[in-house]
Amino acid sequence: MTYFVLLEQRNATLSEVSLDVWNAVQHLAADAGCAEIYGVVIGDIDDGVVSSLCYGNGQVYVLRDKAFDRYAPSVYAQAIAELAAETGAEHVFLAATARVRDLAPRIAMRLGAALVSDCALKADDQGFPKATTALYAGSVRAVAHVRTEIAVYTLGAQANRSARISSSPVEVRNADAFCPEFSGWNPLLEEVRYFTARRDISESDIIVAGGRGVGGRDNFVLLESLAEALGGVVGASRSAVDEGWRPHADQIGQTGKSVAPKLYIACGISGAVQHLAGISGAGIVVAINRDREAPIFSAADYGVVGTIEEVVPRLDSAVRSFQRLK
Ligand SMILES: Cc1cc2nc3c(=O)[nH]c(=O)nc-3n(C[C@H](O)[C@H](O)[C@H](O)COP(=O)(O)OP(=O)(O)OC[C@H]3O[C@@H](n4cnc5c(N)ncnc54)[C@H](O)[C@@H]3O)c2cc1C
């Protein structure tokens, strides 16, 4: 069996979510007992950075070319698909990020492969990848049976990160031969980059998320303070984003980001299926809501019935007092 992984590069380093996929695939290959593993990184990144982050078996190809300076879907998809085909990959794995939502169908189409989106991965009895996906906004879980020779999987983030399988760095190789001719045509008109000091919510271990029940933009200060005390970040439901209280980059759920923090605190969020679809990989879920019948409590490990104004500041000061004792 041959496995192939896309390692996403941002600001000359590899994203944590794609390293997580790399590590998960290493474990899968170990279970299968006979897999070859290849990775690909696109863009300007030092070989040393790649080998300092990727451990285990296999080789990682780095594609550097000015054709990749700006994200062009067809150029990226062509390069990845050609390299995957060259390695003889039967299973292609990508972290389910915003860019991969755009890229994965294009890669699958070029490879004539089935696409299994937003799945969780395990090995079956024979060591083959067994992908489970959430359907109907997370209310049904299905096992995907792939009938094509090649399959492309996008993997949702999980709170239980896959550990490195070994301490030996991978072999890093140059793959200039797979840099495609770029005609210059790009359907992407403009790339707007937002620089923020805050961590991306999809890479944070602790998220304090607010919904319509937070009551307004100003009340999010309470959540910011709690998140800061816990070393986490603030996320939001779609209602809070639609109200203009938070930017879209903070939205969690079906039409926002999928997150997998170790701790998720939902404040004034009702728990609609479209929101829960974005937190299926979360570890411990805590809900704070004034309505004891709110559906979020069925998805929570711990629940507090009360208002945001009353509960969040008390939790905040309890966390800070506890930290002073340490
Ligand atoms: C196609 C589609 C895609 C969608 N995608 C997403 C998505 O990606 N993410 C997403 O979140 N939603 C999404 N939605 C919307 C989703 O269906 C819900 O409407 C939304 O999640 C509700 O947000 P909310 O829980 O913040 O607000 P509400 O449903 O209005 O809930 C507010 C909650 O706050 C509680 N509350 C009120 N005041 C207080 C207070 N003072 N203290 C404590 N609790 C209080 C209430 O009891 C209530 O439970 C989508 C919908 C559709 C149709």
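Any Cβ shown, glycine's included, is placed from N, Cα and C.
Summarising the annotation, TrEMBL assigns FAD binding site to Arg212, 237-238, 251-255, 268-275, Asn289. Taken from TrEMBL, the feature domain 'Electron transfer flavoprotein alpha/beta-subunit N-terminal' covers 3-192.
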Requested in this report: Determine, from DSSP, whether Gln251 (FAD binding site) sits in helix, strand or coil.
Outcome: strand
Report task. Could you tell me which three-state DSSP class Ala272 (FAD binding site) falls into? Result -> coil
Requested in this report: Mind telling me which of the binding-site residues Ile269, Ala272 has the densest Cβ neighbourhood, counting other Cβ atoms within 10 Å?
Outcome: Ile269
Query - Fewest-neighbour residue among binding-site residues, criterion Cβ within 10 Å, set Arg212, His275 - result: Arg212
Query raised in the report: What is the pLDDT of the domain 'Electron transfer flavoprotein alpha/beta-subunit N-terminal' (3-192) when averaged and given as a whole number?
Result: 89
**Report entry** Other C-beta atoms that fall within 10 angstroms of the C-beta of Gln254 (FAD binding site)
**Finding:** 18
**Report entry** Chain-internal residues near Gln251 (FAD binding site), provided their CB is under 8 angstroms and they sit 6+ positions away
**Finding:** Gly235, Ala236, Ser237, Arg238, Val241, Lys257
